[in-house]
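S.K.: Submitted below is the structure of interest, expressed as structure tokens.
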Amino acid sequence: MEMIVHGFRFEVVDGFRFDVVNGFRFGVVDGLSMEYYLLRCPLAELIVKIKVIKALQADPTLAASLVRLHFHDCFIEGCDGSVLLNSTKQNKAERDSPANLSLRGFELIDEIKEELEKQCPGIVSCADILAMAARDAVCKAGGPLYDIPKGRMDGTRSKIEDTINLPAPTFNASQLINLFGQHGFSAQEMVALSGAHTLGVARCSSFKNRLVGGLDANLNADFAKTLFTTCSASDTAEQPFDETRNTFDNLYYRALQCKSGVLDSDQTLYASAETKGIVDSYASNKVMFFSDFKRAMVKMSMLNVKQRSQGEVRQDCYKIN
């Protein structure tokens, strides 16, 4: 049986109620719900959205940063805000891993959390703030509008050694398919999530390997010159993933078709027979990409979420209670 309550769509199956989001069913029995904050903190989502929009108006490059923060959080220990925790004398946290040193957006998350604590003390988790901020950043940058179930708890573990599970910029398609597969994603979902690189930049240190030892057969010669020029500045010099670094579109995939992917892990998607057709589809059909991307993002936001008995709602996002 299907019901619509306060604009939310539900299904009741065998006595249990499920929220239906972008084609997925999420059980309220699992502790997550579309209307989780409806009574607990009615202004929560509006506060996040306003703060994100204001921040992106001042600095559009933050859109990529917020999406990346969410991804780096979810792929380590699940979507539990562990990437936000500071290191202590007794523990080196994920945040200090070489793979995470270029992450940005922490100050905005702290600002949002501070405002939410004023409105609804101890209610809105940092993990949910990350997920909502990434969602709103995608939309503000021109990407698809989607929603996510809420109710994630914040984790209490953050270990630098766990970041070895993040995909490396040198990964080939087989390695990416295997890694994402371990988290329950198909090859198509992996390629769709890789489309987040339509936003943002990469530092030279993550792609300079492609510029040594002879010409990379999967690298456009003219684009190689562009990358070389970028790297002539410093290892921290930045190269946009596509021509519209602050706009969420499908130009990332068109760049791959031209052998102008910045990272090995980008261009391999077009070099591999297993993923080349998916890239072609997304390059020619933005609607398809947007649809698949939002479904994959909702799925990612559900990775290994902590429930109330497994976590907490932090008072400050950078330290456990």
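Even glycines carry a Cβ here, placed using N, Cα and C.
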S.K.: For the disulfide involving C120, grab the partner from C41, C204, C231, C258 as TrEMBL records it.
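M.R.: If we follow TrEMBL, the cysteine bonded to C120 turns out to be C41.
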S.K.: Which residue in the list C258, C317 does TrEMBL annotate as forming a disulfide bond with C126?
M.R.: C317
S.K.: Going by TrEMBL, which one of C231, C258 is joined to C204 by a disulfide bond?
M.R.: C231
S.K.: Using a Cβ cut-off under 8 Å and a sequence separation of 6 or more, which residues in the same chain sit near R68 (site 'Transition state stabilizer')?
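M.R.: Set apart from R68 (site 'Transition state stabilizer') by at least 6 residues yet with Cβ under 8 Å, we have L103, A196, G200.
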S.K.: At the Cα level, what's the spacing in Å between T198 (Ca(2+) 2 binding site) and H72 (active site, proton acceptor), rounded?
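M.R.: Each residue's Cα considered, T198 (Ca(2+) 2 binding site) and H72 (active site, proton acceptor) end up 17 Å apart.
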S.K.: Looking only at C-alpha atoms, tell me how far C120 (disulfide bond) is from D249 (Ca(2+) 2 binding site), rounded to the nearest Å.
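M.R.: Counting only the Cα atoms, the answer is 36 Å.
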S.K.: What are the sequence-distant neighbours of C231 (disulfide bond), meaning same chain, six or more residues apart, C-beta distance under 8 angstroms?
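M.R.: Listed in sequence order: C204, F207, K208, L211, A237.
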